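Participant: Input: one structure, supplied below.
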Ligand code: ATP
Ligand code: MG
């Protein structure tokens, strides 16, 4: 196969792709222009993609003055989110698969849940919640694995106007208890046990442990998923399957104001204590549906797969709400990319003839390291588009994705966004833009990005430019507040750069004006007066064939101000040596320049990551600085023991 990869590093979409795309360049330009010159007109029209009980007449009402930040979209409109994701599809596609469930065990049959069946389940679960005393505005914590019940539960809450807060099933009892308490949940919905990668997590006993630290009024609804034995507290624990089978299959949807909260979701905690991000109904769903259709070039009948977990915002917007609002078939995968082996993703693509595939760079790097035969043996001819999210993708992984998975045929949308933004903010539009490996490219409709000077806060208008990424004005999917702490909302996002939403991320605008995320602003290092994104050094390191993963942080350096400290995980069969340190130094010097030459290299068998696969550089910074006392909130770490190992090795090197 001929891979479209001109020397310039710019990859245009194929003519075939452009010919069938929802949005081509002329359309993008016209729609973008309209979205920023006439946002009210643009978004009033876009809101028409939803079914409203009362159509909004006031489209946008926002204030960004620090101390008075208030964001409202469609504020006099009424709708029900579950009706938009389920009921309104029944007449035309009741028998179409809504959720295609692929279990952890590859031998177990996949399940095709039609829109009719989804409706039945959501209505029953909504009635169960009502019977448990859940009322409009009450919080329901959902601590479920990647099973259809997670989507039913989210939509059941939406149907009755309860606010859900999904907690990733990989979290510990402590992390679960913190979230139940922070949002004051009345109910937690969990399952007996959760199979993942052939192992089982005892979710119910985790919940038991969590509830020891919560009000004794919190009830626990249990999905019997595996049938494994669990403990049972009479009066508190409720068998959800049993109640659902006895509940009425119709539950009148509650008309909700567009600005009523739909959910609270806690951020990953990469940079500090997780924040309870609040999203509301009308604006969020409009934005989710539009981005899903445009960015993934979704067409009627497509099989769409986002591999994220419903515990992350990506799972909310791009497994559940966006696809279902559009009447799509959305794949829900219970397992992991490497079980039973590193071909699982590709086998699922082959089996279900997936058209759009959306995953994270961390998964791609892990799979890339296992060798090409796992992907080459599968038939991936159904794929039309690929996407990534979660962190900057290094060009090495991008090229592998393009060549091996997309076979040079599928545009890659590198989507930059955050829990806070509700949906994509930066991304190439696949039928409109040529892509550049590692660049999130262009703002989505209604999104007005600015590059600010990190110290003065002045907007930098010339190109190329480097600075921090901020947003002017609002878009409908924007978060409205931090649950219970509006001041923290204002202080975190609106205080630093007056009148702007500050993303916390650094970026570079190239000569064409295309945007490259350089990582967290906290992760920018200043070496002898040169500002450098740590992502760039990491990207250079992992491009070396002996390096599997790398994390780079700054540390105090007597001469340079900050030195470059590299944590390097080597490929399985590579032995660490002083020679290799020299080799890597020379390599990075060669790739980026002498200024980026690593000062210290520490071999790291593992890196501290959040459960969503993001490296917690704040912890690595502390270790590099020899400051082990104040590591901060580590409750969202996937494997805390990694940190002890790193500290041990750090101590040994001094
Ligand atoms: P916390 O805010 O608690 O520290 P978090 O920022 O990791 O957690 P998320 O909202 O899940 O929580 O992640 C959003 C961040 O992920 C962005 O701010 C950005 O740093 C990174 N990110 C997401 N997508 C991309 C992408 N395509 N390219 C580069 N970075 C990305
Ligand atoms: Mg963040």
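Here the Cβ of each residue, glycine as well, is placed from N, Cα and C on the backbone.
Quick paste of what TrEMBL says about this protein:
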type    : residues                                                   : note
BINDING : 196, 197, 198, 199, 314, 528, 589                          : CoA binding site
BINDING : 390, 391, 392, 414, 415, 416, 417, 418, 419, 505, 520, 531 : ATP binding site
BINDING : 542, 544, 547                                              : Mg(2+) binding site
DOMAIN  : 28-85                                                      : domain 'Acetyl-coenzyme A synthetase N-terminal'
DOMAIN  : 87-471                                                     : domain 'AMP-dependent synthetase/ligase'
DOMAIN  : 536-614                                                    : domain 'AMP-binding enzyme C-terminal'
MOD_RES : 614                                                        : N6-acetyllysine
Participant: Quick one: of 199, 544, 589, 614, which of the recorded positions has the smallest count of other CB atoms within 10 A?
Facilitator: 199
Participant: List the Cα distance (Å, whole number) between residue 542 (Mg(2+) binding site) and residue 419 (ATP binding site).
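Facilitator: Residue 542 (Mg(2+) binding site) to residue 419 (ATP binding site), Cα-Cα distance: 27 Å.
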Participant: Fewest neighbouring Cβ atoms within 10 Å: which of the binding-site residues 197, 198, 390, 392?
Facilitator: 198
Participant: Which binding-site residues from the set 196, 197, 198, 314, 544 have a C-beta atom lying less than 6 Å away from ligand 1?
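Facilitator: The binding-site residues passing the 6 Å Cβ test: none.
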Participant: Sort the residues of the domain 'Acetyl-coenzyme A synthetase N-terminal' (28-85) into helix, strand and coil with DSSP and give the three counts.
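Facilitator: Per-class counts: 24 helix, 11 strand, 23 coil.
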Participant: Starting from the Cβ centroid of 542, 544, 547, which together make up the recorded Mg(2+) site, report each further residue of the same chain whose Cβ lies within 8 Å of that point, ordered by sequence.
Facilitator: 540, 541, 543, 545, 546, 548, 549, 550, 568, 584, 587
Participant: To the nearest whole angstrom, state the Cα distance for the pair residue 417 (ATP binding site) and residue 544 (Mg(2+) binding site).
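Facilitator: Rounded to a whole number, the Cα-Cα distance is 28 Å.
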Participant: Per-residue pLDDT averaged over the domain 'AMP-dependent synthetase/ligase' (87-471) comes to what?
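Facilitator: Summarising the domain 'AMP-dependent synthetase/ligase' (87-471) by its mean pLDDT gives 96.
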Participant: Other than its own, how many Cβ atoms are within 10 Å of the Cβ belonging to residue 542 (Mg(2+) binding site)?
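Facilitator: Summing over all protein chains shown, residue 542 (Mg(2+) binding site) has 21 other Cβ atoms within 10 Å.
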Participant: What count of other C-beta atoms do you get within 10 angstroms of the C-beta of residue 419 (ATP binding site), across all chains shown?
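Facilitator: Around the Cβ of residue 419 (ATP binding site), 21 other Cβ atoms lie within 10 Å.
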Participant: When a 10 Å sphere is centred on the Cβ of residue 528 (CoA binding site), how many other Cβ atoms does it contain?
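Facilitator: Other Cβ atoms within 10 Å of residue 528 (CoA binding site): 11.
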Participant: If you measure from the Cα of residue 520 (ATP binding site), which of the binding-site residues 196, 197, 199, 314, 547 is the nearest?
Facilitator: 314
Participant: For residue 390 (ATP binding site), which of the binding-site residues 197, 199, 528 has the nearest Cα in space?
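Facilitator: Closest by Cα distance to residue 390 (ATP binding site) among the binding-site residues 197, 199, 528: 197.
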